[in-house]
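The structure appears below as structure tokens.
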Ligand code: NDP
Ligand code: MG
Ligand code: MG
């Protein structure tokens, strides 16, 4: 069973006694910086020249300096810029300003796990990763609640790194909900696998294959869209609320029977064997290398894939159909 930590296990005064730099003010950055500030922590935000979010951070009462200044002032540095540019931001702005005893924090383990960032031995290396998007993290904090977080220590130079990570998690409301202890390796590998095989890659491919099967058989694309994409939300909401059991309680007996007999014909032993290959490529670092080469090579294939799917009948059909459903856009 996972180890869980709550408010009572986290000493807020540890992070209140430090100087924190939050580098980046996007989805996660704004939530961390504002909630830490509201928890009585000394926070500055580090943003690059020409940053689009600088004005918003200042309006919200935060002090914004350059990433180098932020790293120089602070002794806890949370890196919340996009993963593919973290190594560059680290080399240029953070590494030259690190002292022994400082702590380097991450919201995702990618750059540490695959060695793109190699911190010196004298600093603590920690992760606090909320299991939800930044706006939810902030809203829950403001409502006196929190989004569960996972926390990890890759390098414990001071001997107090995990207590510091828990204290930080408390500062953003994480210990109100519960913090699960993990490792950089487990977080990074499971995150990449989940998004590729199940959540994003798996789900998108499943929806597309179902939609194509129906339209190629002559059914109307609008009807296929509802059956293969639109209704997926209803099913996922039920799974989210009560697992497979609640989903199966809600659907018809006919749907449930089809679930049992057809599901394993779609996701077969061959699919699972391929999942194992995908996991192996994540674990051995080849996925990370290919992705960084693609990113720094100008995202050519990435943009091709994006374009192809934008032109797919599923997407063009959905664009029109969603105009009939005013509530769909209101929810976003
Ligand atoms: P976003 O893309 O939302 O935000 C990126 C921020 O970094 C923006 O404020 C951007 O500034 C700023 N930025 C861009 N380039 C630089 C630079 N060179 N120097 C300083 N700041 C820069 O990122 P996320 O919040 O999505 O992701 C941050 C981290 O959190 C990642 O490690 C991610 O994996 C992790 N994470 C994200 C989650 C999420 O829900 N999104 C969930 C859990 C973890 P501007 O736009 O103003 O130019
Ligand atoms: Mg991810
Ligand atoms: Mg139906």
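Each Cβ is built from the backbone N, Cα and C atoms, and glycine gets one as well.
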If TrEMBL says 25, 26, 27, 28, 51, 53 bind NADP(+), which of 122, 132, 134, 144 does it name for the same site?
134
Confidence summary (mean pLDDT) of the domain 'KARI N-terminal Rossmann' (2-182):
98
Measuring Cα to Cα, how far is residue 134 (NADP(+) binding site) from residue 195 (Mg(2+) 1 binding site) in Å?
18
Should residue 27 (NADP(+) binding site) be counted as helix, strand, or coil on the basis of DSSP?
helix
What does the structure give for the C-alpha distance between residue 53 (NADP(+) binding site) and residue 108 (active site)? Integer Å is fine.
21
Which of the listed binding-site residues (191, 231) has the least company, meaning the fewest other Cβ atoms within 10 Å of its Cβ?
231
